[in-house]
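**Student:** I have a structure I would like to understand better, so I am pasting it below and will then ask my questions one at a time.
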Amino acid sequence: MKKYTRFILLLLPLSCFNLNAQDLQTRAKITSNYTILSDKVLRETEVKIENRRLRSIKEAKVQNMPVFGYTRDGSYYEVFDIDSNGMLLYRRLLNAGSRVTARVDLINSPEGIIPSLNGLDMIAGVVDGELALANHEDFASEEYGGSRIVERENDYSGPRDKRFEERKMHATHVAGTIAGGGKLSNGMSEGIAPKATIWSYSWNGDLIKMTKMAQEGVLVSNHSYGLNYFDDNGNLLHSSLANKFGSYEAESEKFDWVTYNYDNYLPVVAAGNDGDLTFAVHGYRSKTDKVNVDMLTGTSVSKNVVVVAAVHDVPNYIGAQDVRLTYFSSQGPTNDFRIKPDIAAKGYKVYSPIYQNPTKSTNELKTNLYGNLSGTSMAAPAVSGVLLLWQQWALKVGKDHSPMKSATVRALMAHTADEAGINPGPDHLFGWGLINALAGVQVLEAAELKKDYAFILEEKLITNQEFRKTIDVKEPRKLIATLAWTDLPGKVSSENMDEEKMKVKSNLVNDLDIVVKKDGVSYFPWKLTKDWKNPIAIKGINDVDNIEKVEIDIAEPGKYEIVVSHNNELMTGAQNFSLVVTVGEFDDLVVEEPIIDPVDPVDPSKEFKDLEFVLWPNPATTSFNVKMGEEYIDAPVSVRIFDLNSRLVGEFNYNSTEDGIVVVPVDKLSSSIYFVEVQSKGKKKQMRIIKQ
């Protein structure tokens, strides 16, 4: 892969923000380093996939197997392919407070830190059983008119029967969890990114649609469906399917192929809803010790995607005990003991727009229906929305105005996840923990400020080389270093189903390692013990995961060296990787510190004491107010504004009024984060402000 080319996207005030964060020019820049497949190649592949689907339908009828049906929990499934052994493959929908649980309300609610981080002009792909209902009221665009649902293919032309209703309701609900506008007066239906645009697709030929999406610069797509191995009574369709759980299969490999070739593109996948069927599966294996483990299949075993588990609502996270897994959420790990699922989000009784077929009596299509659904299908779009907001931050607020690589997003996700589960570290139920949208933004902000205690790097490791970086810890703080990379597609073979062999093998192609060193002591990343009875997290050399996280709870003062290396030969001779490092708690990373202006440096001999003042509104659009105490009435006041690079971008001098308030204009500043320094009567103080 060629080196990613960065580009500049000018920021405009949101009141006149006509330039899409993902407009044609921006998406062209994103894809400038991609190998674009021709329409002819894509069409030929699409025809082959469709022929396989039609063949599977024909074969199902010959074998007297269902072409479609409903699982015992009411989820729709249908046959779509035949594997190399002639086994029919079925695909199913996975539906069985999301904003609060993910901490999104602390970002883009009116009281959040960045209300404008709401998905405006961002695109999320939704591949589902059917197209979402485009004219539902919750998808109306206030900025541009029309619908924020873009139908990227022709709508289903068949009968509007129960099968169609199930598929379209599911797709509409998923799209609403990402981008619902919250039209209801109580805001219950508001999605994670309530102003985002959804590109809606059906699931037939999903590989081709994902490739096209990536080639057009889409950064995040949602896939709330997976393989179905069970009949209507919760029994395996065939006993041989028991060996496929946790195995790296063709469905796993195809998602890794797309993500490796288009390394800004990140699919989010539902883990599955078979968590309560472990005994039905493992009874075939005669392994009674396998309880509450090994229920992932197909795409949820992929390496480069984000696999999402479902938890109950978490209205106020205090600790790991607040996060409860739903009974249906499918458990990991994979057969090579990778940490899967990757992350957890609310998936129980999620309220969102829905679709219902028109009644025969009136034939009236209702576009204002909402309802609760549960499933990992509902958890995945919450994560998709969060990742989309992080990319919006990179495009709109970040200094380079460039999207993050998908490996960077995955590293940030694991780095900032909140602890879940009964044991420290990641596990096979919740992955790295509960998604934390706010912490992700806090780390992005701190890294943007180029602080020596927070940075995000995108680098390349060459065969037989190491990457080293030193960080100086000033006082006892928590140190976290997270490494992630987009690996080549793994090899699909029958060995992947052999659990004993996979204990000493791995589906990784390029195996990178991270270690943090200080004074002869090495700190290793988390990994799972390769024991089906108790796959808990321990620390050591990780030879299976392409996300590795080192955590030092109390890093004593001194210099720490972060080393990224590799095992064995690197395929293609090199491997891109992403690294996220922080020292300290996430909510303390961005602090209000004086900025030394290189043009007008502060005299170090002059003592300044803190000046107390109030600043509002924050965020600001055209101006903000500064109010000081009575002792500053009629005193000269100096207000200076600095950007993220410590450059002076505004300076104003006033005599404060009788009420102690001065008004500072910011209408000519671009949308970003700034630092406001107020000085009066030998005192000064700095505060952060967001310009919309």
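Cβ coordinates are placed from backbone N, Cα and C, and glycine is handled just like the others.
Look at TrEMBL and you will find 1-21 tagged as signal peptide. The annotation domain 'Peptidase S8/S53' is assigned in TrEMBL to 127-433. Per TrEMBL, the feature active site, charge relay system maps to Asp128, His170, Ser377. The annotation domain 'Secretion system C-terminal sorting' is assigned in TrEMBL to 615-689.
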**Student:** Can you tell me the CA-to-CA distance separating Asp128 (active site, charge relay system) and His170 (active site, charge relay system), as a whole number of Å?
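**Tutor:** His170 (active site, charge relay system) has its Cα 8 Å from the Cα of Asp128 (active site, charge relay system).
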**Student:** Per DSSP, what is the residue tally for the domain 'Secretion system C-terminal sorting' (615-689) in helix, strand and coil?
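**Tutor:** Taking the domain 'Secretion system C-terminal sorting' (615-689) as a whole: 3 helix, 45 strand, 27 coil.
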**Student:** Rounded to a whole number, how many Å is the Cα of His170 (active site, charge relay system) away from the Cα of Ser377 (active site, charge relay system)?
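**Tutor:** Given the Cα positions, His170 (active site, charge relay system) is 8 Å from Ser377 (active site, charge relay system).
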**Student:** Let's check the environment of His170 (active site, charge relay system): how many other CB atoms sit within 10 Å of its CB?
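**Tutor:** Taking all protein chains shown, His170 (active site, charge relay system) has 27 Cβ neighbours within 10 Å.
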**Student:** For the active-site residues Asp128, Ser377, which Cβ has the most other Cβ atoms within 10 Å, all shown protein chains included?
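**Tutor:** Most Cβ neighbours within 10 Å: Ser377.
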**Student:** What does DSSP assign Asp128 (active site, charge relay system), in three states?
**Tutor:** strand
